[in-house]
Amino acid sequence: MTRRPASVTVRVPAKVNVQLAVGGPRPDGFHDLANVFLAVGLYDEVTVVPAEELRITVAGPDAGQVPADASNLAARAAVALAARHGLEPRVHIHIVKDIPVAGGMAGGSADAAGALVACDALWGTGASREELLAICAELGSDVPFSLVGGAALGRGRGELLEPLETGGTFHWVFAVADGGLSTPEVYRECDRLRGDAAVPEPEASPALIEALRTGDAVALAASLANDLQPAALSLRPSLAATLAAGAEAGALAALVSGSGPTTAFLAKDAESAHAVAGVLAASGTCRTVRVTTGPAQGATLV
Ligand code: ATP
């Protein structure tokens, strides 16, 4: 009999959407997207150990905002994997949370991907990559990308992934806002602001994909785009001051990360990123500032 590990820990990255093109609402309520994801080096760690029953605990400064029950996406991932393999999800999932909560950086999705990879290793289910990706897609649009990391173009709701080449390291500063924004609410606000205007089919920008491929930060900065930004700014007008502070501090570009309210600043190099972070921290327009790089690896056993 194969020996099972006593505990498994998986590290999972946050993401920033370097392009988020949003189509009109579909009959099922979702939106078709052209979603270019870049994984960045802010990580949650998900540890699983055998337990009498499914249990979830969360540590970290924002742990209080994360549900510690069956509604946690990590718990749902464990339940989904167990069900497919005729197992009971008898596991204690512990999440050390460093990704901002409800910040538009796919923290919950990261935990789901992490729990899936961790439970697969703990239980020896031996799920194929395809099976793990299929479970991820059932759990949420951003979950498959958390599994694969790097850079990728997501189509459909964002779950149909095509990996993208990256030719270098990009330097990012993230300004974390007080409180979160609900992703569904931001989409609703996007639809409301668009009213009856015709919405083009979402298309990935060839210039942006080329900038990722060549590792050209200036070219990437020129093509960053987030269709949800007007909606996030409408729901949280104070984000305009954060974006302006980072841009004035010398960022190549500033944008809202995904559905916000985290804002993202692309810098020329590490030195410039630290300078931008210093100015943002002193600006009083955000709660915390994080400096990191992308691309980062997807869910990884540690
Ligand atoms: P996205 O960028 O994918 O839209 P987000 O980063 O804005 O997501 P999350 O941090 O994933 O947002 O949290 C969204 C909500 O999901 C939280 O308010 C919380 O109630 C719920 N949630 C469920 N599981 C988790 C989890 N493991 N971590 C964080 N939030 C979770």
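Cβ atoms here come from the backbone N, Cα and C positions, even for glycine.
In TrEMBL, annotation is done automatically, which means it is predicted and not curated.
Here the structure is a predicted model, which means the values were calculated and not measured.
According to DSSP, Lys15 (active site) is assigned to a strand segment. According to TrEMBL, the feature active site maps to Lys15 (among others).
The domain 'GHMP kinase N-terminal' annotation in TrEMBL covers 72-150. Within the model, the domain 'GHMP kinase N-terminal' (72-150) shows a mean pLDDT value of 97, rounded to a whole number.
In the three-state DSSP scheme, Gly108 (ATP binding site) is classed as helix. According to TrEMBL, the feature ATP binding site maps to Pro100, Val101, Ala102, Gly103, Gly104, Met105, Ala106, Gly107, Gly108, Ser109, Ala110.
Annotation source TrEMBL lists active site at Asp142 (among others). The 10 Å shell around the Cβ of Asp142 (active site) contains 28 further Cβ atoms across the protein chains shown.
The feature domain 'GHMP kinase C-terminal' is assigned by TrEMBL to 208-281.
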Cβ under 6 Å from ligand 1: qualifying recorded positions of Lys15, Gly104, Ala110: Gly104
Non-site residues, in chain order, whose CB comes within 8 A of the mean position of the CB atoms of Pro100, Val101, Ala102, Gly103, Gly104, Met105, Ala106, Gly107, Gly108, Ser109, Ala110 at ATP: Ala14, Ile99
Rounded inter-Cα distance in Å - Pro100 (ATP binding site), Lys15 (active site): 11
Fewest Cβ neighbours within 10 Å, where candidates are the binding-site residues Ala102, Ala110: Ala102
Between Ala102 (ATP binding site) and Asp142 (active site): CA-CA distance (Å): 13
